[in-house]
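Asks: Take a look at this one; I'll ask things after.
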Amino acid sequence: MGSSIFLGLQPSPSHWLKSSVVIHEDAPTMFYGTQLIMSPPTKNKLKRQSQLLSTMLSRTLSYKYRDLDSTFCSLGASDDPSELSTQLSAPGVLKVFGDSVCTGTHYKSVLATGSSSAQELVKEALERYALDPECAGQYVLCDVVGQAGDSGQRWQAQCFRVFGDNEKPLLIQELWKPREGLSRRFELRKKSDVEELASRDVDTTTAGINAQARRLQRIRAKGTPALTSEAAQSSPPTRLRRTVSETSLSPAPSLPEAAQRPEEPVPEAMRYSLYQCPHLLLLQGYSQQHDSLVYVLSKERHTVGQRTPSSKPSISLSAPDILPLHCTIRRHQSPEGGPAGTRLVLEPITGASVSVNFSEVGRNPVVLQHGDLLSLGLYYLLLFKDPGQAQPLPACALARLGAAPQSCRMCGAVLRARGAPSLPAAVVRRRSLLLEFEPDVEDTLLQRIMTLIEPGGDDHKLTPAFLLCLCIQHSAMHFQPGTFRHLLLKISKRVRDTVWEKTKELAEKQAQLQEPISWASFPMADLVPDLQHILFWMSNSIELLYFIQQKSPLYVQSMEEELDVTGSKESLFSCTLTASEEAMAALEEVVLYAFQQCVYYLSKCLYVCLPALLECPPFQTERRESWRSGPALPEELRRVVSVFQATLDLLQQLQMHPEVASQMLAYLFFFSGTLLLNQVLDKGPSLSCFHWPRGVQVCARLQQFLEWARSAGLGAPAERFFRKLSCTLHLLATPRAQLIQMSWATLRVTFPALNPAQLHRLLTQYQLASAMGPVSAWEPGAPDGPEAFQSEDILESYENPPPIVLPSQGFQVDLEADCVEDSIYQHLLYIRHFLWGLRGQASPDSGPAQPESIEGLYHTIPEGHLEGHGCPLANRDPGRVAVETAPPHSLPVTGAPRAQGPPGRQPTRGDRRGSQAGSLHTDSSCMLTPPSTPLGLEPAGPSWPEPSGLCGRAVLDGQRNGPGGLPGAVLEGDAIQDAEPPAEASSPSSSAEDFCYVFMVELERGPSGLGMGLIDGMHTPLGAQGLYIQTLLPGSPAASDGRLSLGDQILEVNGSSLRGVSYMRAVDLIRHGGKKMRFLVAKSDMETAKKIRFRNPPS
């Protein structure tokens, strides 16, 4: 029997049944358990229906693909012979067998309910066996599966499971059934006997087979090198798969010997292959899953291409721009003969993109030389090495490798040497997305990310998932495995706690509603704000779950290959994998719980408004076709549509995965169709729709609803779950004279969705409502006679809802995407600045003069002065260019000073493995914020520090081709090169253009407002249009934030750009922007701040 975890979920109001969810850790299927079935109506109909609703929503979900398992269906009307401890004919009586406790006694009966715990049942059973209940700790209740045998034969137990003290035996009995041919009974056993049995049954195989699997997995990951030509004659050559370069090769035995001798040295024949045969070393690839690191060229001819059903190249590359046959590499023997005369010739195929040393080769064959760089398509870059030609790489090859562009680690922009020519467009890379932090600020960072986005705002709703995935990526690549493991568990726990708090608050609000609940006391508008938070974290949890599921094994494999741990290496990575599985299980639980809660409350809304559709007043049929353009929807139908429309809008606004959104709406359709059909079949003639005129009206109402569903793109699920109700209403809308002439067989063909029992029930109630005598033609025929009188088949069950399956594709969080949403990137910049603030608080005495305090946020650069062109201003308007480069005179005078460190001190950067780090020059202009930005301005200082270096130039206009800009559209995140040489240091405006830093700040209005005085730049010596900060009130929100300083320019207010906006209009936007406001601010240099401080004298 699989282990189980029982979680009580719904903190519902007192008159709504609390549902529970059973999460199966290893069950292959997903099922929905229930303890209630629908019965004829009672006086308290609302309470009964709520119980049905709650139990319908008790279900499980798995990120694996699962189908509904018929073995978990509820028991039938008769007693189940496989259950020896319970009988349906005697509910509430549990037989506890105690052969091993009291000799000569077969069993004792105790009373139990579904909520009875195993510990309490042990106490009751001991009392029935005349034993002391105080000794309950010496006994355990066991779930025993075995064969009862025929009469006279003894019970033969095959396996048993000990119940935990707080487990619910009857609930487990309902959900887990023994397989066919076996029976189950509950036994009372002594704990000492159970422990003795457990000590004898020692598992000696699991650890061995798992160790064997790990060894085989490591060998498969490292691959088996191809043999030399001598060895290849006796065995076919094999590809080197996922090896490492020749400088870090470790001995690896062949596959058959790996299981027995994993630590033996590699045979000389295999090592000789890589050190003597030419090979291609992968420098840049496309797919981590499919690319090899080394391709050994040991054959006479190699084909390079993309593997297809009709093409199977010897070197398979997976990039989309690789042709099925891209090029061939063949061995060419020169006329001189001998080994020295053997060369490899690259022969490109027509139409294939092939470059050697960054030069297109066209159709001409090329003789490969040791150290050549091969570019295949846009993604693959390989280094050709031929140990037979030369051992060290030639100087020209090293120069080409050194010419690869460096990138700023903060913004991903390409850096180039000062005065060097512009790089070709093909080499310019997009900015990388990184979020670097230290382990000591991990908790603070997670808390800030969790509270960063308001679900009701305009920000990208998947920003938390995106930022948390960046945290996971950084931790996996730079921290120890233990830190990575703890981070996964922290993230899953914080998400789970957040969802639980939001649902708890919603339940407390719902508990205050007075019964009976009506539409007036339970409006959808009041429910939407609370559902926003639940759906918000459900959407982010789905993205996080998929990311961890896909990336965590790759990260663990990378750690295993790179980290050198002795002794407990296997246990360390085993713990990491276990933590990854626990995090995925927790996130899966969040998705399930959030799904259940949302459907629960939405179904309550529908339960209130759906019955009115069956009792709707007359309506104007001639306006039926124009209901979209005016208030033609009747009030009863408008309420139902408003619930579905609000749900659809919420799912789209919160960027829920489309497959999960469709499943949630399918649930609501299923519930609505089942509820209305059961009411028609249950209430019968008491409903006005059984009279023909009202039946026509109700049928028309349903058609209007289906029309709305089709217009919203939900036609298929709506028609599926309303099919039986539609057949029922069409029958009631059929004229009486026409209906009387139909025979039973004709009715079965005309209304095929109804089973015989439901059709017979409808016809019987139709006769009562119409006061007409029995109609002989409506009597069930011989084939349908027995089924027509089965009363249990009349009402539809809530136990067969549409399945819930997590999606496997279509996710939006992709850290390797070419570009990212502007809103997400703005928040990434804010989080980086937030981390800067934390570093400043951690070392307030060090100041900017100690670069070691900000270690890890610099880009490591080789010897030489570099200047970067990047750090763009991420524009909120995706239709506009994010960054363009302009000549110096066209740039607004904005800038900021750089923090200068003491001479001779240079920061070093170490990685997670403690590798060596040398003294390196750093591009200090890549800092997101000067560590000490002054709040006020003191012009009496002796001198103003001049900025140096360059990390980006931003133009705030939206033209695609500004003066001096590059022709054509500029993609967001691309690094742009100057069309003109940089201005000389003596230029009056160069100091204001060398630095442009843009950040986001959120301020909450205080008693005295925001506390900053603004001025139009045209009325200052600056003479530039724009809104600038002239004064900061001490103690105000603006001053307390710590990032704003005099002279800073306000670019946006709550997402609205101030470009071209008048001063009065900009001030009005700030004055009426609400209590919490968000500003996009550009830092200014000291020269600009001095000019902003003074106003022009009146002319």
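Placement of Cβ uses the backbone N, Cα and C atoms for every residue, glycine included.
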Asks: Can you dig through Swiss-Prot and tell me which residue of S199, S245, S359 is labelled phosphoserine?
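Replies: That would be S245, per the phosphoserine annotation in Swiss-Prot.
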Asks: Looking at S273, S432, S743, S1084, which one is marked phosphoserine in Swiss-Prot?
Replies: S432
Asks: According to Swiss-Prot, phosphoserine sits on which of S12, S250, S987, S1036?
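Replies: The residue tagged phosphoserine by Swiss-Prot is S250.
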Asks: Going by Swiss-Prot alone, which of S78, S192, S248, S571 is annotated as phosphoserine?
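Replies: Checked Swiss-Prot: the phosphoserine annotation sits on S248.
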Asks: Can you tell me which of these residues Swiss-Prot lists as phosphoserine: S39, S235, S843?
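Replies: Of the listed residues, Swiss-Prot records phosphoserine for S235.
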Asks: Just to confirm my parser: what is the rounded mean pLDDT across the domain 'Dilute' (525-792)?
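Replies: A mean pLDDT of 84 is what the model gives the domain 'Dilute' (525-792).
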Asks: On the DSSP side of things, how many residues of the domain 'Ras-associating' (90-193) fall into helix, strand and coil, could you say?
Replies: 27 helix, 34 strand, 43 coil
